[in-house]
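Peer 1: What follows is a structure written as structure tokens; I'll ask about it next.
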Amino acid sequence: MSAQLLEGKVVAAAVLEDVARRVAVLKDKGISPGLGTILVGDDGPSVSYVNKKRETCKQVGIASFHNEIPASATQSDLLAAVRDFNDSPDVDAYIIQYPLPKGFDFNEALNLMLPEKDADGLHPVNLGRLVLQEPGPVPCTPAGIRAMLQHYDIAIEGKEVVVIGRGPTLGRPLSLLLTLKQPYANAAVTVVHSGIKDLGAYTRRADIVIAAAGCPGIVQPDMIRPGAVVISGGISWEGRKLLPDVDEAVGEVAGWITPRLGGVGPTTVAMLLLNTVQAAEERARRAGKL
């Protein structure tokens, strides 16, 4: 068996087409959506990711604002950058690129952010809204994974889903998202992690396995039921080499799988811009222009 590919680039293109259309509508009404980025230090993968976000903003017509802070700066400098974007009328939403260098407190900066300007959907208020099924920005990688399953019309309701990873940016919010009583959710979700000795005892019974651990090769072929859906959401870096959570040979067992490149990453960026245009639409509604 050779698995069919879940092409994140295809899913992202469809999302970005919708974003570009909505941006054009807003601009016709005098509203120009803007996305801000706070980057601390010069970590290679972070710089590449931020550059990709900027390129995609340009593609769909979203203005891009940047605040680059040297790693030698202080926590006070980071908090000042957050306040600047909070106060800026041109920035509808923004991100604090994670991870931060040692010595910086991400949670303190995140809590200072205005929840309505949280492009990543990670502010405690917005995670609470996700729990309560209230409107708000959804964390981008979980939202992108759900959009991918929806795009390929892969049934989730009532299915057994195993999420490997419990981090605040992917594993935990994804497990919440997939248990909501909504279309393309309402699944039976089990959350496991790298501290469990026999992960295969959980994954072999799953219809869908989503790896979000950031542990290279944590998912091996003998851990997957033939025909299952396998999504690699967690990554690690060895220098500039990307190492996915899912071993390449899993593609010989799975029914569907994300490719090594062009899987979840493009959908994450697309959902970031979707959150941004939704924030701009809310600004337009407050101004009576939408």
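Each position is counted from 1, following the chain as shown.
Every residue gets a Cβ built from N, Cα and C, even glycine.
The following feature annotations were taken from Swiss-Prot:
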BINDING   Gly165, Arg166, Gly167, Ser194, Ile235  NADP(+) binding site
Peer 1: Return the count of C-beta atoms lying within 10 angstroms of the C-beta of Gly167 (NADP(+) binding site), excluding that atom itself.
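Peer 2: Gly167 (NADP(+) binding site) is surrounded by 15 other Cβ atoms within 10 Å.
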Peer 1: How would DSSP class Ile235 (NADP(+) binding site) in three states?
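Peer 2: The residue in question, Ile235 (NADP(+) binding site), is strand (DSSP, three-state).
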Peer 1: For NADP(+), with binders Gly165, Arg166, Gly167, Ser194, Ile235, what's the maximum Cα separation in whole Å?
Peer 2: 14
Peer 1: Using all protein chains shown, find which of the binding-site residues Gly165, Arg166, Ser194, Ile235 scores highest when you count other CB atoms within 10 A of its CB.
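Peer 2: Top count of Cβ atoms within 10 Å goes to Gly165.
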